[in-house]
Amino acid sequence: MEGHESSHVSHDRAMQGKGHYVKFWISLAVNAALMFVLMFVMIDTFSEFIPNLNFLYMAFVMAAPMGIIMLASMPMMYSDNRKNLISYAVLVLLFVASFAFIRHQTFVGNNGFLASMIPHHSGAILMCRNAKITDPEIVTLCGNIVKSQRQEIDEMKAIQARKKP
């Protein structure tokens, strides 16, 4: 009977370990989605909330190291060396690919470029409007930034509107 209980306990541990890895990947996917949305914290207005590939790439660049740290910092929970090696390889590949995709603007064409630049410009406007700037030269610079960035956002939105199918 004792042998049966022992095998039952080891089976439960094995099944629990499988669940940890599934939960790990689900948690990482949820966190990547959350990071993607949080990339928009710096936009000036909600109308500049435009999903884009660059923010997705950045979410993956942030999530991949987080996954590596999670695996490395919880060896009791993630004790399957084979699964860990596969997970580390996938996470490193995700990081390197996403990093390269940002740097080379992979799959970012006309629409993707505009979708990325509008939130970027919006962030500059938000910073200029809300930063506690007192230096007159920087205040003037920010006035110019707000004006030019708003004009460019309006121009990009007009281009997007013309290009819609």
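Quick reminder: no glycine exception, Cβ is built from N, Cα and C everywhere.
Quick look at what TrEMBL annotates:
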TRANSMEM  21-43  transmembrane segment
TRANSMEM  55-73  transmembrane segment
TRANSMEM  85-102  transmembrane segment
DOMAIN    111-159  domain 'DUF305'
Q: Can you check how the pLDDT averages out over the domain 'DUF305' (111-159)?
A: 98
(Q) Using Cβ atoms and a strict cutoff of less than 8 Å, what residues sit near the transmembrane segment (21-43) while being 6 or more residues removed from its termini? (A) 49, 51, 55-56, 58-60, 62-63, 66-67, 70-71, 78, 80, 83, 87, 119, 122-123, 126-127
Q. How many of the residues that make up the domain 'DUF305' (111-159) does DSSP mark as helix, as strand and as coil?
A. 44 helix, 0 strand, 5 coil
